[in-house]
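*Asks:* Summarising the annotation, Swiss-Prot assigns Zn(2+) binding site to Cys82, Cys85, Cys89, Cys92 and lists a curator's inference as the type of evidence. Annotation comment: Swiss-Prot describes Cys183, Cys203, Cys206, Glu207, Cys209 as [3Fe-4S] cluster binding site.
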Amino acid sequence: MPISLIERNGLRLRLVLENYPLEFVNSIRRASILYVPVMAVDEVYFIENNSPLYDEILAHRLALVPFVSDEALEHYRPPEECAECKENCDGCYNRVYLDVEAKDQPLMIYSRDLKSEDQMITPVSGAIPIVLLGSKQKISLEARLRLGYGKEHIKYSPVSVSIVRYYPKVTVLGNCEKAVEVCPEGVFAMENNKLVVKNELSCILCEECLKYCAGSVSIESVENKFILEIESVGSLKPERILIEASKSLLRKLSELKSKLEAGK
């Protein structure tokens, strides 16, 4: 059951999985969205806010700022222990603070203005705009972050893209220049006045080329061969997301096994 790497580019990871059931590959995809914990703002306490945004809108924006979470997975308690925590919450929360006032000119507040107690948990990017303050306007707040799962809220999902595609097989049977023009993914090219396949893996099986070049091009998917693509928001490296998603599946299978054995 080979797994091959076809792209590792910063926040993006693409793998080819061969001879795996679609259900298994799709389970990894879903787990990467729903069951890999990352840090995000859970609660916001406003001390002062006379900005153009209501407290609720500003809190929502802060919650969607992704935070680096690699170290958090090692040093903070899991979501199961902290989601409903009211007392004895040590190891659950990190705090960030925002205390900014515009003077005589409008001032844009960015994610880099958030000051974190834990220097290992900071915004993925400091250039995320939060709110534009007018002259003499001020925001002062404290926000609490905890680990959470994407199944709770999308702010806790570590991925912006997690998809499974069928592995394409593209065959040129004739010469049809129109295929180069109509293919949205640039799969084809003309070389020496002949139609050739330039980038087979980019094919999304839309069959747009077949509308104009039926008989000249063959498009099909390879059985039990899939492309898994994961794109991180930056909280975790895509490799870590894949590992944690696989661990979550193993835990769920182990839990299912235990319950089945207990019911015998």
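Any Cβ shown, glycine's included, is placed from N, Cα and C.
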*Asks:* Starting from the Cβ centroid of Cys183, Cys203, Cys206, Glu207, Cys209, which together make up the recorded [3Fe-4S] cluster site, report each further residue of the same chain whose Cβ lies within 8 Å of that point, ordered by sequence.
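*Replies:* Once Cys183, Cys203, Cys206, Glu207, Cys209 are set aside, the remaining close residues are Ala179, Val182, Pro184, Glu185, Val187, Ile204, Leu205, Glu208, Leu210, Ile219.
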*Asks:* Which residue, of the binding-site residues Cys92, Cys183, Cys203, Cys206, has its CB surrounded by the fewest other CB atoms within 10 A?
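*Replies:* Relative to the other binding-site residues in Cys92, Cys183, Cys203, Cys206, Cys206 has the fewest Cβ atoms within 10 Å.
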*Asks:* Which chain-mates of Cys209 ([3Fe-4S] cluster binding site) that are at least 6 residues away have a CB under 8 A from its CB, listed by sequence?
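*Replies:* Those within reach of Cys209 ([3Fe-4S] cluster binding site), by Cβ under 8 Å and sequence separation of 6 or more, are Cys176, Lys178, Ala179, Val182, Cys183, Val187, Phe188, Val217, Ile219.
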*Asks:* Ten-angstrom check, please: count other Cβ atoms within 10 Å of the Cβ of Cys89 (Zn(2+) binding site), all chains counted.
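*Replies:* I count 13 other Cβ atoms within 10 Å of it.
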*Asks:* Name the residues of the same chain, 6+ apart in sequence, whose Cβ is under 8 Å from the Cβ of Glu207 ([3Fe-4S] cluster binding site)?
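*Replies:* Glu207 ([3Fe-4S] cluster binding site) has long-range Cβ partners Ile219.
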*Asks:* What number of additional C-beta atoms lies within 10 angstroms of the C-beta atom of Cys82 (Zn(2+) binding site)?
*Replies:* 18
*Asks:* Rounded to the nearest angstrom, how far is the Cα of Cys89 (Zn(2+) binding site) from the Cα of Cys206 ([3Fe-4S] cluster binding site)?
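*Replies:* On Cα coordinates alone, these residues lie 51 Å apart.
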*Asks:* According to DSSP, which kind of secondary structure is Cys85 (Zn(2+) binding site) found in, if we only use helix, strand and coil?
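*Replies:* Cys85 (Zn(2+) binding site) sits in coil per DSSP, no helix or strand.
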